[in-house]
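*Asks:* OK, TrEMBL features for this one:
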- 76-93: transmembrane segment (TRANSMEM)
- 113-131: transmembrane segment (TRANSMEM)
- 143-163: transmembrane segment (TRANSMEM)
- 169-189: transmembrane segment (TRANSMEM)
- 196-216: transmembrane segment (TRANSMEM)
Amino acid sequence: MNFRCVQCGHHIKSLYVQYSPGNIRLMKCQNCGAVADEYIECEIMILLIDLILHKAKAYRHLFYNMFDLKAMNFEALMWKLTFGFLILDAYSGSYPSLALLVWGCGKILLDAFVGNLLFICILLLGTRSLLHMSSEVSKYKNIWLAILASSYLKLFLIAMMVWEFPSSVIFIIDIFVLSSNTLSLNVISESAMSKCFGVCLCAHAVKFFVSLALNIRLANLVTL
């Protein structure tokens, strides 16, 4: 019963029945009567487009039906995604040049680590208090993995290392990441969207102001 219907989120025993190689029949959800997961027969690009369009059913497929969490190395995946998240966040501070980024790599990563540490603390504390979730460690790991996966839009920051974009692009990407995090938290916790938005907004706001203060200090250091 680990699978979910992408339409309503109801638990389902199996997603399809395979009669022969390449011949399958998609199962229907007993709760809503719709096909439990139509993404099984779709190309990966369809899933990516629906993720960008913030469709809840795409996130349900990604979190519950796409991977076998028992077969994959959950801990290694989480640490790799966390490291990539910190690397991308280190550049999102709108630093004057790539040379400065390389020169101050250690300090910049430390600043990104501090900001994201507060981000994680606010996120998990808000999840526990506002969403009334249990204190199981596995629940918090699932939430953090969902937040990391839904921050995929940060990959667009790589383009800023090649082409020059205005600093407003970083703000637009952060807005998209905030909305994506809210939807993923709503899917993984099955709580009200307003509460999920409040938790994510508080976490992102704390990280933003901490990063802003650290960037000001770095700019003052450069001018000296």
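Even glycines carry a Cβ here, placed using N, Cα and C.
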*Asks:* Which stretch from 143-163, 169-189, 196-216 shares the most C-beta pairs under 8 Å with the transmembrane segment (113-131)?
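*Replies:* Comparing 143-163, 169-189, 196-216 against the transmembrane segment (113-131), the winner is 196-216.
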*Asks:* Going along the chain, which residues at least six beyond the ends of the transmembrane segment (169-189) come within the CB cut-off of under 8 Å?
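*Replies:* The answer is 9, 51, 54, 56, 59-60, 63, 92, 94, 127, 131, 133, 142-143, 146-147, 149-154, 156-157, 160, 196-197, 199-201, 204, 208.
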